[in-house]
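Here is the structure we will look at.
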Amino acid sequence: MNGSIALALVLAVLAWVFVVGDLLRRHRPAWHWYLTGYPATTCRVLFTWRKVALLNDLSVSRRPPRGLLGDLVVKGDPLRPVAPRISFPRATRLGLTVMVRLHAGQTPATYLKAADAFVHAWKVHAVRVTSPERGLVLLTATATDPLLRPGLATAPAALLSALVGVLESGGAWVMDLRLIPHWLIAGATRSGKSTLLARLITQLAPQPVALIGIDCKGGMELGLFTSRLSVLATCRREAVAILGALVVDMQDRMNACRSAGARSIWELPDSLRPVPVVVIVDEIAELYLSDGRRESKAEAEQCSVLLLRLAQLGAALGLHLVVAGQRVGSDLGPGVTALRAQLGGRICHRVNDPGTAEMTLGDLNKDAVAVAQSITATERGVAVCTGPDGGWSRARSHLTTTEEAIAAAQRHSALAPEMSAIRRALAALEGDDK
Ligand SMILES: Nc1ncnc2c1ncn2[C@@H]1O[C@H](COP(=O)(O)OP(=O)(O)OP(=O)(O)O)[C@@H](O)[C@H]1O
């Protein structure tokens, strides 16, 4: 009897050591933060709050800045401004949050301007300012950059949805083309654009989706995935032929919807629904820039018009655009700004010029532009991305090696739908050349 009790005890101790030891090992950064970082940062928040609020014009005096002295109106800065009331800092896995009650007349914009001051005063990696409720501002401090060593996020699989990386909050970074049909991806050379495209293709490869590549850098990037691509254009002439054929296909899709009384292909019965198409463009500048020759200008204009038509009408018809480029600016041509307006999803990696960050994010989220500009050359794969709720977040793509991407494309090559009309358009080009 004693022997079996001793054995049970030994087994219980071993189980404890394995289970708890493993938990501690896996969650060490979080435990470390809860035990040391959180108390220290909480002290900093509480002890510096009044000073930081005062220096950043967040404190307000209860007395008006004008008063009567006899018959005279006296103006001046009243004494003892009062700092806004804050909640006790609440620990999160990555940092802490503080709720601030706004003084009457204050808006969250004042706190957005002070975000950098909080970062320095509290010695944290970043502070985000949001307003979950009228009259309240939530300050979310992140202790260290979670994207330095991002974990693997998970998300439920869905058609036209790709899990491409992890968000700063630890959540999944998902490009859902049914939610946001078209995307613009900007990033300087070696910033991680192609890796993100590789990840996107790897995720879409097992799905019943046609992938069309337009890579006018001679197909060096997208050529790796030829086995899963339905068609690949490697020069602008081919791109014009493919885009032209896609616009014709779009009209067929419209007719199919009209005769079935449907407003999008998703309302069509399964038997009638055409396959969704994702057009991936690597290096948009190659499509828009011309060398001054008449034919080159005409080709660039054609590309611009065709891309715009696809972006304007394609979403409901299952035609999606993912356009990547090192530099996106109005100097590429007047069509670029119009196209950008149609590309609702935006991703901005490190960029070389402020204009590209402004062009990618500025019309949607002004405050995201500064964050995108602060991405350094060592932060490869890090980007600022817009979310479906209209907000933005820093994120990092899951590193997909060339070998993994090629293997995935080959594994699912049988799923590449035959786009015969587009192939015929390409063949006609070859015929013209002979
Ligand atoms: N999420 C990531 N995590 C870690 N490393 C990454 C990540 N994304 C990209 N990298 C690394 O950064 C380097 C450059 O990436 P990539 O080729 O995708 O850049 P790019 O923007 O496409 O450059 P280019 O415009 O010159 O083709 C690669 O060596 C890649 O391994």
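Note that the numbers count up from 1, one per residue, in the order the chain is shown.
Note that Cβ sites are derived from N, Cα and C of the backbone, with glycine treated the same way.
The domain 'FtsK' feature in TrEMBL is assigned to 170-358.
The ATP binding site annotation in TrEMBL covers GLY187, ALA188, THR189, ARG190, SER191, GLY192, LYS193, SER194. A C-beta separation below 8 Å, combined with a sequence spacing of at least six in one chain, links THR189 (ATP binding site) to GLN326.
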- Message: What's the number of neighbouring CB atoms sitting within 10 A of the CB on ARG190 (ATP binding site)?
- Response: 12
- Is GLY192 (ATP binding site) helix, strand or coil when read with DSSP? coil
- For SER194 (ATP binding site), nearby residues of its own chain (Cβ under 8 Å, 6 or more apart in sequence): GLU221, ASP282, ALA324
- Intrachain C-beta neighbours of GLY192 (ATP binding site), sequence separation six or more, cut-off 8 angstroms: HIS349, ARG380, GLY381, VAL382, ALA383, SER397
- Message: If you average per-residue pLDDT over the domain 'FtsK' (170-358), what number do you get?
- Response: 92
- Around the Cβ of GLY187 (ATP binding site), how many other Cβ atoms lie within 10 Å? Please give the count over every shown protein chain. 30
